[in-house]
Amino acid sequence: MPHRHNSVLIKMNRQGKNVEQLSTMRFKWRQSVLLLAVILGCISEITGQSCEGQCGETWETCSCHATCVSLLSCCGDYRQYCLQISPYSGTMMGGSVFSILNATFYPSKQEQLTCRFRGEIEVVGYTDGEGRAYNSSGEYLSVHPSKMDAAFKVTLVNSTQWQYYGTPNTSGTLRMTWNPSLIGDKDSVNIELWGYREVNTTTANTTREEELSPLRAEWTYLYSLGRGLANSGSFSFTPKSSEKPYSDWEMGSVRVSSSIYSVWSQVWNMCMYCTWRDRNVRAVWSGAHALAWHLEEAFRQDSAAWALDRCLTWDVLEKSLPNFLEEVVDCPCTLAQARADTGRFHTDYGCDMEKGSVCTYHPGSVHCVRAIQASPMYRAGQQCCYDSTGAQVLTGDSIGGSTPDRAHDWGSPPYRDPPRIPSLSHWMYDVLTFYYCCLWSDHCRIYFTHRPSSGCRQYTPPRAGAVLGDPHFITFDGVSYTFNGKGEYYLVLSPDRGLSVQGRTEQVKLENGTLSKATRLSAVAMRERSSDVIEVRQAEQQDQLEVLRNQQGPLLHRAEMDGPTWCVPVLPNTPERDRHVLLWGWGVEVRGREGGAMALTVLLPSDYTNLTQGLLGQMNSDPLDDLLTSLGDVVFPDNPSPEEIFTFGAGWKTSNETSLFTYDTKYLLDTYYYVKHDPTFIPAFSVSSDPADPLVEDMLKMCFGEGAQFCKYDTMSTRSLVVGNATLLSFRSHETLMQDLESVVSCGWLATPRYGAKIGTRYLEGATVSFTCNSGHVLYGAPERTCLPSGEWTGEETSCVSDNVLGVVLGSVFSIATLITMGVMINLHFRKQKRERQERLDGKVIYEHS
C-alpha cells in the first residue's frame, strides 16, 4: 500500500529528468539461473504476453503495469521482469543496502547475483536464508547529503570543532557516531577519510567538447583512521596534521564500512584482499565538510595566514571565470514572500527557522531560501536570507547576508559532471572559499566582492489559484464560484508550456452513510511536458494523502525527503510543519483537511500570463474572462446562474487520451475511466437554512466574515460542522497566502558613507535610512533618505567629508569666489570708464555741430 501522510512535498525538474533518477538495473546469473529465465520465458509465451522489456505496458489479456497487482491482471512473468526494490534511495555517496521485492533467487556457491546501474556500475549482491536478494548500493536514487536523516549517516559530534580544528583555541579529541545496525551489528568496521576535488583538465590538446566541461571530479580514498574496530557506533581520535599529497585535499567525508571488505595480513603488514577503497560497499557517510582537522602543519601554525593565501588565490581565479551574477534571479523582498513562493524557492537546509534557525554561514539571519532552478547558462544558484523582522539581509550590511552561488547547492543537469554535482560542487566554489576568506581569516570583503547580494527590485510574486471545500474555486484573477460536478477535470491547462493539472471529484458521503448532492476534490494529478506524472489522492483515512509517481507507489521510506533533489520527496508526518506538493518553477500545494476534503493551491509565475485555461481561469489580471469555456466562449462572472457554472465546469472534463490519473481498483475503473463527467449526477445548486434546524445556530456562530458563504454551504450540504470549519480554514489560509504574496516596492540598497554610519537596513517603500558622520567629518548630502512608491530614494547621495578637507575646500572655494568677484568688479569699473569717455566724446561732437 502507498505510504500515507496528511501532506506531501513533491518537486520535479522542467526537463522531466529526475535529479537523481533510479538507474536501470539488470541482473546477471550464471548457468542455472539463466536456464530458469529461459524456462520462465517459455511459460510466458505459452500463456500469451511477456513482460520482458515491456514493464509499464498494458494489453487486453494481461498487464505489465504496476496497477496490475491490485487489479489482479498481471502477466505470468510480471514479477520476474518488473522488479521492485526497497528502499529505492540512499545518500548520493552510496553504501545503502536494498532488497529486491517479490522475487526469490537461489544461486549456488559458484554463482553470484550482480546488479548493474546505468549500464556501467556493477555491484555484487547476496541472498538471505529465504532467498531474498540484497545488494549494497552504488549510486542510484540519490539523496542530497543535507537531506538524509541523521540516523542514517555518520554524525560529526560538535561539527564546529571538526571544521575549525587547528585555528586558535580549537583542538582536542574529535568524536563521531553512527547507527551500528546500518553496517551489521556483528561486523567490525573500517573508518576512512575520503577527499573530493574538481580538477581542471584543459590542455593544449583539449577538444571543443572537453572545453565545454573541462573539470573532472575526483572522489578518492585518502587514508584510514582505524581498521577492524568494534562496531560500537562511536569513535574518538586526536587528529594529526597530514603531509602532501594528502594535505592537498581540503574537503571530504568520513566513511564507516564493514571490515569484511578487507583482509589484513599481519605477516606482510599489508592488505591482501582490499575492496575497502571501493566506493560501492555497504557503508555510512558523514556529510561533506571542510577538513581543517586534517590539513598540513602550516595551517595549525598560522591558520589566518594560510587561509588568506587560499583566499587571495581564489580571488584571482574568480576574476578569470565568467560573470554569473547578471543571470541569477532576484530574491523575494520579504520573508513572507520567500516562504509563500514555494514553486520557485525552497528552505535552505542550513538556515531553517522551523529547525531553530541555526544559521552557521549567515549569522544574524533567521531563515534562508534557495532558488530551486539553476540559472540558464552557468547553472548558478541564488540564496536569500532574512532577519527576525522579515527584511532581506544583504552582504553590504552584514556578513550573514544573502549570497548567490556559482554552483547550485542542489546541482543542475546533468548532475554527474562538475561543477553541477549536488552539494559537492557548491562546497568547492562557494562554501570552502567562505572558510578561507571569512571563517578562518577576516577578509570577507574579498569574498563578498564576488558574492554580493542581489536584492529584490526585479522580483515579481507568483499568482495563486485555489480549490477548497465541496468544491469552491478561486481563480488566479480572484473570481470565486462553486462547481459540484462529478468526474475528472482540467484545473489548469497550458498547451504552450505543456502543463496539465487535473482534479478528480467524488460525491460526499454523509455521516449516516448516504451520499450527498455535493462533491469534493479527491485526487490531483499533474505533469509538465515530459516530466513524471505526480498524483496525490485521498487515502482510506480521508484526512490523509497518498502519493503516486507514474502511477506507482509508495513514495516514502526511511530517508527524510523534504527537498528538491528528489524527484518525489515526501515530508514526514510532522503536524507542526506546513507541507506542499511542489514542481520546478511553479508550485502545487495539497492539504488533507479534517472531514475528508482536500485543499489545493496552484502557484504560477508571471510568465504564464495569458497562457492558462481550465477551472482556475485565464491568468491575465482580467477577472471578466476567467470563466472561459473549453469552446472559447466566456461566461461573465458578474451574475451567472448555478446552472451556467455547472455547464461551464462540465466542459473542462478530461479524456482517456489526456487523463493523468491512476485506475488501480475496479471502483476507479468503473466510475472514472469510461465516463470523465457523470451527466446523471445533478448537485444541489443551493441549500436551505431553516431556522428550526438545530445545525443552523451553530453554523451561524462559526461561519462569519470572509468566506462565510463557502462555510455555510458546506456545513449544510454535508450536515457537518467539521467540514464547514475545514472549508473556512482553507479559505483563510488562501487569504493569508494572497497577503504574503502582495507586491512590494524596493528602492535598492544604500551604502554606508565612508567615515560614517547608517541607521536602518530596510529598503522597501516607506522605509527611512539615516546617516551620521564620524568625529572630525561633516555630512554632505541628505542626512536621511526615504523610499518612495516610485522606487526612488529622496535626497542626494550622502557622504562624509573631513573637517580639514572641508576647510581647504571651503577656503579654496572662498578664494576663487573672491577672485571672481574682484575680476567682475574690475571689469565693471573698466566698462564704466569706457562708457563715460564715450559719452563725453559724443557730447563734444554734438556741440561743434550746432
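Our numbering is plain: 1 for the first residue shown, then up by one each step along the chain.
Placed from the backbone N, Cα and C atoms, the Cβ positions cover glycine too.
Between C773 and the candidates C711, C747, C800, TrEMBL records the disulphide bond with C800. Counted as Cβ pairs under 8 Å, contacts with the domain 'VWFD' (463-660) are highest for 303-451 among 47-86, 303-451, 745-802. Taking Cβ-Cβ distances under 8 Å and a sequence gap of 6 or more within the same chain, the neighbours of C800 (disulfide bond) are P753, R754, Y755, G756, F771, C773, N774, H777, V778, L779, Y780.
Confidence in the domain 'Sushi' (745-802), given as mean pLDDT, stands at 96.
The 10 Å shell around the Cβ of C773 (disulfide bond) contains 21 further Cβ atoms across the protein chains shown. Helix, strand and coil counts from DSSP across the domain 'Sushi' (745-802) read 0 helix, 25 strand, 33 coil.
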